[in-house]
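A.B. asks: The structure follows.
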Number of protein chains: 2
Amino acid sequence: MKKHNFSAGPCILPQEVFQKSAEAILDFNGMGLSILEISHRSKDFIAVMDEARAIVKRLMNLNDDYEVLFLGGGASLQFAMVPFNLMKENGKAAYLDSGNWAANAIKEAKKLGAVDVIGSSKEENYSFIPKIEEVGAEYDYFHCTSNNTIYGTQIKDFPKANTLMVSDMSSDIFSRMIDYSKFDLIYAGAQKNMGPAGTTLVVVKKEILGKSGRVIPSYLDYAQHVAKESMFNTPPVFAVYASLLTLQWLENNGGIAAAEERNIAKAKLLYDEIDRNPLFECFCVPEDRSLMNVSFKITDESKKEAFDNAWKAAGINGLNGHRSLGGYRASLYNALPIESVQVLVDVMKSI
Amino acid sequence: MKKHNFSAGPCILPQEVFQKSAEAILDFNGMGLSILEISHRSKDFIAVMDEARAIVKRLMNLNDDYEVLFLGGGASLQFAMVPFNLMKENGKAAYLDSGNWAANAIKEAKKLGAVDVIGSSKEENYSFIPKIEEVGAEYDYFHCTSNNTIYGTQIKDFPKANTLMVSDMSSDIFSRMIDYSKFDLIYAGAQKNMGPAGTTLVVVKKEILGKSGRVIPSYLDYAQHVAKESMFNTPPVFAVYASLLTLQWLENNGGIAAAEERNIAKAKLLYDEIDRNPLFECFCVPEDRSLMNVSFKITDESKKEAFDNAWKAAGINGLNGHRSLGGYRASLYNALPIESVQVLVDVMKSI
């Protein structure tokens, strides 16, 4: 039976990524060796890393002012790396508190210095994106989370920042056309739109590095990774390779522009049903609805069991909401086909 | 043509690990989903993580005083995590400088506080292990690198430490019978004897945590990972799964005791040839020779081309020495069969 995978991450990837990465585990590039057993210093793997770094810049339309890194440790490690690299001793940073992950980033930054939370929707259970027009030049940087995976909200208009602009784009990177060159640092755990769990993408404008004045542990120092072309130490080889395959699939299917069109169509199909069907209701306000994560609840608990049985019977997987919020969450990442959304909508209509 | 993979890491893993992990990428546990697309909070993956953590303790014969973690970032991140967690503010640590990786660990520890290098073979190009009988109680901890991957040396007798005992065992973990309970913290990048690149094993005695008095970034805080049973954030799912498969292979083939027997036989075969054959010579002193990495040079440069052509023609891969040392390095990790060593020895005899 065909599965329809709405998992919030790790999540569905293109089928060809599964096929090709399984083949590479048995025999990579016809070498007679597995990709798991070759040196990361071999020319075959260096070519993987180089192409993965290049394709990110092409997709995002970024010039050589930027460097691309594939690191380990997850976005949670970035929560610490950002202030280590960008917050000056006795400086301060501005953060937008738009959800759980944003709050975690704030908590880590506060360990290193002063943080002003310049907008928060925490008191309203993160049901909207706090709107900020402009961020002052008195801050070392401004940090925001572009998409809230749990509550299903997404920043549509980024504020004008008169300082460095930093964004955690873990859950909506490569999903929509935005001007990536407005950002000085972007990071994203791979396990949504970019690849499997195990690596984190960092896109950084070189000129901003080396200015915090702090003693930085080497692994936490972006400049060290930049100097070694993302090979400061053994990289997460397989996760980088599977990410490259996913990025190639994206580029071969029209790039971000075409992905955005598909994502808009998928989201419209599902939000239209939620708006039409009195049995379902979103957690968040309409204007901040995410194209990636549709978080919703059922309005009549007596029908919950029937709904749960029906979507499971339809081959749907990963629809339960985040444990902190409950309800449901349909994640519509790049690799999810619209046919899967139609199956979900048909189930919703049938209850 | 059959390949004989002597790579220093990432390196050969058991063939069944390649087979089973490729299958799991196409369909994991008969779920109809790839292991790359399932939630790390799914019961199927939690079972993987739980079993991987349990099997490490069984293999090392450790009791419940210890916790096992599978982290990201590589051993290079551990170089910073160790002092953050164990070095008190205004405290000091003792380090053994037995090679490049030990030196890197020292460099990172010095960023956080005082370090005494209580033994070093740096001036003799790391050709031996500095011998220390006892480490004083005035140190917060003692750190050593159990095996020197580059120079081919290995600690045979660990010093008696009157403080916490910490070891980077990246390149010889699970390869020999030692009393692991003498250590308070052991870490190891997976990509030698444990699995593919992308995760790092940490084995830590719980009672030593939470005592450094430092503000620690959450990802760098072992206690946070222990509290969340190695699921503080999204773990490197695939690397953990492939590590579990490798650990299962080890346990099903007699555990560490049997692996050690095989490793002794492989190393003896190769060192005997080096000692017999005037064309080859080890970089290190005989008493500190590693069972894992045999680093050697050719004594007659005029025969180098013939040797290089011969081993390549025999299907041997990954025999070049580390770029900082040159010469050759045959890595004899757990998964390398003795037949591959015999092929190399036959080539050495033929030149």
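Placed from the backbone N, Cα and C atoms, the Cβ positions cover glycine too.
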A.B. asks: Out of B:TRP101, B:TRP249, which one does TrEMBL list together with B:ALA75, B:SER76, B:THR149, B:ASP168, B:GLN191, B:ASN233, B:THR234 for pyridoxal 5'-phosphate?
C.D. replies: B:TRP101
A.B. asks: Cα distance, B:LYS192 (N6-(pyridoxal phosphate)lysine) to B:THR149 (pyridoxal 5'-phosphate binding site), nearest Å?
C.D. replies: 10
A.B. asks: Sort B:SER76 (pyridoxal 5'-phosphate binding site) into helix, strand or coil using the DSSP assignment.
C.D. replies: helix
A.B. asks: If you count other C-beta atoms within 10 angstroms, which of the binding-site residues B:SER76, B:THR149, B:GLN191, B:ASN233 is the most crowded?
C.D. replies: B:GLN191
A.B. asks: According to DSSP, which of helix, strand or coil covers B:ASP168 (pyridoxal 5'-phosphate binding site)?
C.D. replies: strand
A.B. asks: For the pyridoxal 5'-phosphate binding site, please report the maximum Cα-Cα distance among B:ALA75, B:SER76, B:TRP101, B:THR149, B:ASP168, B:GLN191, B:ASN233, B:THR234 in Å.
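C.D. replies: Answer in Å: the longest Cα-Cα distance is 31.
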A.B. asks: What subset of the recorded positions B:TRP101, B:THR149, B:ASP168, B:LYS192 has a Cβ positioned less than 8 Å from a Cβ of chain A?
C.D. replies: none
A.B. asks: B:THR234 (pyridoxal 5'-phosphate binding site) has how many other Cβ neighbours within 10 Å of its own Cβ?
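C.D. replies: Taking every protein chain into account, the count is 23.
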A.B. asks: Given B:ASP168 (pyridoxal 5'-phosphate binding site) and B:ARG41 (L-glutamate binding site), what distance in Å do their CA atoms have, once rounded to a whole number?
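C.D. replies: Checking the Cα atoms of B:ASP168 (pyridoxal 5'-phosphate binding site) and B:ARG41 (L-glutamate binding site) gives a distance of 30 Å.
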A.B. asks: Between B:ARG41, B:TRP101, B:ASP168, B:LYS192, which of the recorded positions has the fewest other CB atoms within 10 angstroms in the structure shown?
C.D. replies: B:ARG41
